[in-house]
Amino acid sequence: MLNVGIIGYGTIGQDVAQAILQGNAGQVQLKAILVRDERKYPDTSSHGYVMTANEEVFFRQGLDVVVESAGHEAVKHYGEKALDNRADLILVSVGALADEPLHLKILEKARQTGRKVMVPSAAIGGLDRIAAGSVGPMDEVTLVTRKPPKAWLGTVIEQQVNLAELTEPFCAFDGVARDSARLFPESVNVSAALSLAGVGFDRTKVKVFVDPHISHNTHEIEAKGKFGQIHLQIRNTPSAGNPKTGYIVAMSVIKTLRDLTSPFVIGI
């Protein structure tokens, strides 16, 4: 039985915690959740885990695995600490690794501690094939992300266009993954995961659209290389609690937790 801690208790953190408590995440048990203000939540000690805003208390719970679901700043602040405390790290906010110095520091810390940093497929599929294809020469990888206007509320796109009055698709970004991950940290973590699996942040081409004609978050992936060619389109149902992300993200983390204790694993 592995002890799990969760950093962040937003939509994804709540869904993952519930799955663990209901026994739907494999042979794991919830030991701690790190939040900004524990006073907002009831005492959970009777349920076998602690809800705390104190990182020292969090890391004292004998954690084997830490799930990060709190954003890029959480990766910067807690990523290395999780590894230092002998826990494997599951990253949801993988876009933080577009910061090359941070990426290298976390990678080196994982080597030093003998722990693993895991990136779930989350909002996209095909990472297993992209990663396999990158073993041989890979020519190009492109990602086109389309989301409805409500998914972009509170982002820099509001400075470019009036979301409420948009009647046609609007291209808000056309560039490389390193920049898209930085500009849209909550919405385009997929570009970071795709980059890490394939040709890197500076060679992965990304387009981002606000599309008033769709209700699902859509990602189109194309990749070419010695392995052949991939064309993949994904339509995710937005999470009820946070339209910037899809419900599949939490499901992907739950699947990753299951795999850690399963004798039979598919899709790696």
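Glycine is treated like the rest: Cβ placed from N, Cα and C.
No curator has checked TrEMBL annotations; they are predicted automatically.
TrEMBL annotations:
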- His219: active site (ACT_SITE)
- Ala123, Asn189: NAD(+) binding site (BINDING)
- 8-120: domain 'Aspartate/homoserine dehydrogenase NAD-binding' (DOMAIN)
- 167-254: domain 'Aspartate dehydrogenase' (DOMAIN)
Do me a favour and check the Cα-Cα span between Asn189 (NAD(+) binding site) and His219 (active site); whole Å is fine.
12
Let me know how many other Cβ atoms fall within 10 Å of the Cβ of His219 (active site).
23
With every protein chain in view, what's the tally of Cβ atoms within 10 Å of the Cβ of Asn189 (NAD(+) binding site), excluding that atom itself?
29
I'm checking region-level scores; what's the whole-number mean pLDDT for the domain 'Aspartate/homoserine dehydrogenase NAD-binding' (8-120)?
95
